[in-house]
């Protein structure tokens, strides 16, 4: 199955669970302490990242979705740091602050890519009244299309069964990242995402694929789930649904550097995709592609729609299509090594029309490979004003990537692509319209590197503004 990227701007997910703050202190080590036989780390870098349920919310927000996060924190500095970080990422935080408990914090001391020690600051939340967290959930349910319950056995989901029932009352699907062998407490959930170890803890050792399916179906029936998504490391994922054939999704990871937070990414992409209207099988395929990206990164990591789009294009596209900046620079180097002439252009391409297609075909004829750099949503808004773009970045790029003339599509967030062009340095930079060569962003850098800059004519009578005005005026 090759899924298509949904518009995550339309997704809205409520995340309830164990939130935590991950702190990293890193630096070089060059000596052993005279006080004890331990290395001395000269701390040069300090990082803070949301963890647990907060990482799920951060993943959804990174895709462009609306993430509403409910959890338990203390009344302390880590809670303030966590809230500040999440709100800067456009996550709506609705925490229950409990002064008698500390905010769960994990401090890792790192050196030369290795973790030397982890210090946990926590006291699992226990005997916490249900009302504060349930009432926050009830208030949020009317404005979301999916619920994620992220369980790290720290106490936020002590009343998980009540939470499931609240979501079921309003027909909102509930996705759970489980913890422990007691699946009874999750009875009635839409879907659970156990990894293979968690699955076998409940059902016993799995002998083969048939045994996995049989035991999974038994779990679904016994606990009134609609589905299970079993994540299986190098064997990919298996989606099991009531009275349906299993769906086996092979792993898409090319290299595995760190599996930290991969489960959070899986459930966040799954829930966000379902909340946009994607069917469960396609949402799982998107989650599988996302997992293949994040395990190639160090630490808890999010991914962007650009990276996800690139992942679902897959290797069959031979590295072409939607691509990130680093991958583009590498691809251009390879093209030059093959003796190919690289042409580059840029624009908003908000509503693709015949003039655009003609222009891009002409540009492609001038070389062997054509790069189209596309303004992101924020960049278009600054240039064009309120109400633009009509189509979000991922959709504009998807349309451009589908044109035969275009080899690579890459986004840029600045007002002009000057920085990007100066990194890529194409053989030929083209721009449509009546620009003077010296006014074209990036032109000076291309010429200084021995390249060319050309201005191409647009087809008369075609413009995005004209199309928008015609639609507003009701003209065909």
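Just so you know, glycine gets a Cβ as well, placed from its N, Cα and C.
Under the heading active site, Swiss-Prot lists 264, citing sequence analysis as support. Under the heading ATP binding site, Swiss-Prot lists 195, 196, 197, 198. The region 'Ribokinase' annotation in Swiss-Prot covers 1-318. If you look up Swiss-Prot, you'll see 344-476 marked as region 'Cytidylyltransferase'.
Reduced to three states, the DSSP call for residue 195 (ATP binding site) is strand. Cβ neighbour count within 10 Å across all protein chains ranks 264 highest among the recorded positions 198, 264. Here the CA atom of the residue listed as 'active site' lies 16 Å from the CA atom of residue 197 (ATP binding site). Just so you know, of the binding-site residues 196, 197, the Cβ with the fewest other Cβ atoms around it within 10 Å is the one at 197. A Cα-Cα distance of 15 Å separates residue 198 (ATP binding site) from the residue listed as 'active site'. Less than 8 angstroms from the CB of residue 195 (ATP binding site) sit 230, 231, 232, 233, 263, each of them six or more residues away in the same chain.
Residues 194, 199, 200, 201, 230, 231 surround the recorded ATP site, their Cβ atoms falling within 8 Å of the Cβ centroid of 195, 196, 197, 198, which are themselves excluded. For the region 'Ribokinase' (1-318), the predicted model reports an average pLDDT of 90.
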